[in-house]
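Student: Mind looking over this structure? Questions follow.
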Amino acid sequence: MSEAIKTDVLIIGAGPCGLFAVFELGLLDMKVHLVDILDKIGGQCAELYPEKPIYDIPGIPFVTGQGLTEALLEQIKPFNPNFHLNEMVESIEKIGDPGFRVTTDAGKVFECKIVVVSAGGGSFQPKRPPVPGIEAYENTSVFYAVRKMEQFRDREILIVGGGDSALDWTLNLHPLAKRITLLHRRDDFRAAPHSVEQMRKLVADGKMDLKIGQVTALEGADGQLSGAQVKGSDNAMSTVSCDTMLPFFGLTMKLGPVANWGLQLENNLVPVETASFETNVPGIFAIGDINTYPGKLKLILSGFHEGALMAQKAHRYVYPDKRLVFQYTTSSSSLQKKLGVN
């Protein structure tokens with residue numbers, strides 16, 4: 001087990017509600033780390049609708065999901081939060097009163113006084129391609145995310161998909177890989193035009209391969225891939241030599257390991273009391289779309305409100321002997337100093 005990272009608060013989920021919670025906690029002098037299963041900050045806003053307009057953020061008539069994420073990151077910059085992306089929390093163990101030990105699927109361990117679950121509707125899980133026996137190669141030759149690029153140096157990689165993730169990793173891994181083949185079911189891509197243009201230039205220059213078709217079977221033994229059988233658009237069969245496959249077929253929402261954390265659940269949501277949005281486990285809070293209570297509205301602005309009240313209660317756990325004096329950022333010189341505006 002790796003040495004534990006110690007922090008006041010661990011937030012699970014780096015979407016808008018989790019990001020704004022950093023701001024509210026930071027104003028009250030609490031140190032925060034955030035863990036997210038995605039490879040980017042912003043949650044659903046960044047992953048599902050980065051360019052989609054949002055019209056119901058107070059005081060902002062129009063903003064995109066990406067724009068909101070960038071604004072929140074700028075707002076919390078004074079508090080220097082630490083992000084741990086591409087990691088999923090697997091277990092939460094109570095070790096004090098308050099106090100928790102949290103472990104991720106990457107083997108990282110956190111020790112914190114407070115846990116805030118801000119995981120949207122659960123965790124994003126990669127969609128598995130409908131290829132027989134693919135499970136035998138997962139995490140040895142088949143990967144659904146790139147955590148360390150160096151891991152793929154000198155590999156013969158088959159990247160499957162036609163969206164931004166497939167194109168981005170094709171371009172990013174190209175300098176490291178022995179050879180890259182991009183496979184998509186049609187010669188039409190849903191990625192940024194500039195990325196598609198770069199990819200086609202690499203193909204034209206003979207620096208990578210592009211195939212149109214679908215994987216029907218994998219070849220290899222003992223978890224080590226040696227090739228993939230591909231059915232082309234003309235139904236012709238061929239074999240692509242590869243020792244690594246990266247399928248990017250999008251993500252699906254699942255409750256995931258939240259169900260194993262000892263939290264009360266109601267229709268796959270976490271019930272909370274509305275004074276502080278604490279769960280049935282003292283010291284664990286739930287904000288945003290993951291929680292439920294009478295009158296709940298699944299709106300970003302509701303999650304912001306929940307984060308503000310959560311921080312007030314969290315302060316009592318982190319600083320049990322310190323009296324909390326409520327202050328306004330408009331008039332408090334100490335808060336303005338923390339924000340770097342004084």
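Placed from the backbone N, Cα and C atoms, the Cβ positions cover glycine too.
Quick paste of what Swiss-Prot says about this protein:
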BINDING   Cys17, Asp36, Gln44, Tyr49, Val89, Phe124, Asp289, Thr330  FAD binding site
Student: Per residue, counting other C-beta atoms within 10 angstroms of the C-beta, which of the binding-site residues Asp36, Asp289 reaches the highest number?
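Tutor: Per the Cβ count within 10 Å, the most buried is Asp36.
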Student: Reduce the DSSP letter at Val89 (FAD binding site) to three states and note it down.
Tutor: strand
Student: Looking only at DSSP and grouping its letters into three states, which state does Asp36 (FAD binding site) belong to?
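Tutor: Going by the DSSP assignment, Asp36 (FAD binding site) falls within a strand, counted as strand.
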Student: By a 10 A CB contact count over all chains shown, which of the binding-site residues listed here is most packed: Gln44, Thr330?
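Tutor: Checking each of Gln44, Thr330, the winner is Gln44.
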Student: Over all shown protein chains, what is the count of other CB atoms within 10 A of the CB belonging to Val89 (FAD binding site)?
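Tutor: Result for Val89 (FAD binding site): 27 neighbouring Cβ atoms inside 10 Å.
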Student: Within 10 Å of the Cβ of Cys17 (FAD binding site), how many other Cβ atoms can you find? Include all protein chains, please.
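Tutor: The Cβ of Cys17 (FAD binding site) has 29 Cβ neighbours within 10 Å.
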Student: Please classify the secondary structure at Thr330 (FAD binding site) using three-state DSSP.
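Tutor: SS state of Thr330 (FAD binding site) = coil.
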